[in-house]
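What TrEMBL records for this protein:
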- 43, 46, 80, 83: Zn(2+) binding site (BINDING)
- 248-285: region 'Disordered' (REGION)
- 254-263: compositional bias 'Polar residues' (COMPBIAS)
């Protein structure tokens, strides 16, 4: 298959381009190009506004005998989008802009006016300087001072660069660490001075204060230890007493020790047993009230029966 867009053509080996006749071209030939409107304009025939950036299929031609410093000036032909009237504008290499020729009017642009005023002022200043010798001297002295200042700054920069080139980064880091340590020491000293000023103590009294603090701390620790030991001993003593009393109470008495320890067992039982205060309400009926037998009375009866049996 052949290519869709043929780029390479076949030239036979006997081809001689010198035998081909040269085609005659027109001197001022026009080329059709695609361009955008370089500025906002208004058509003079119909009054249609054409904004900047509107695309046109334009015709380009050379302006015969019009050049600026060897640069050729070109003319462009476009048509109005509404009435199809022909509009032409030229290139302006002197101002790096375009100039309207005919068919439309360029809209007002304040930026162009400001640029023109700035150019006029610059031209006037140059003319005044050329005519006035005093201004020339002033400008020269100002320029010389500026040059001297620039040279001084350059020398300072060179000296700084040379100093930085000769210094090692490790040395700089060590110096920074030393400076930080000194700052910390100064802060600590200032804090100590503030504390001394607040408490009204001299340097000689600092050692005494420290000793007093140590003594108070040791005394407080000793007192705490003694209190804790006393509490633990008291708890142990109480627990031992209760255990001994309970063991004596629950032991079975022997025949020999029963007669001797009757009174002691009764006293111990009375110490463990608490009698309830029995409150009896007055009954409404005249029936005789029976006494309430509690657990304590039954326990006492049981103990007395055991004693009588043993005897």
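Each residue, glycine too, has its Cβ placed from N, Cα and C.
Taken residue by residue with DSSP, residue 43 (Zn(2+) binding site) is part of a strand. When other Cβ atoms within 10 Å of the Cβ of residue 80 (Zn(2+) binding site) are tallied across all protein chains shown, the result is 21.
The Zn(2+) site is set by 43, 46, 80, 83; from the centre of their CB atoms, other residues of the chain with a CB within 8 Å are 44, 45, 47, 48, 81, 82, 84, 85. Set side by side, the binding-site residues 43, 83 differ in how many other CB atoms lie within 10 angstroms of their CB, and the most is found at 43.
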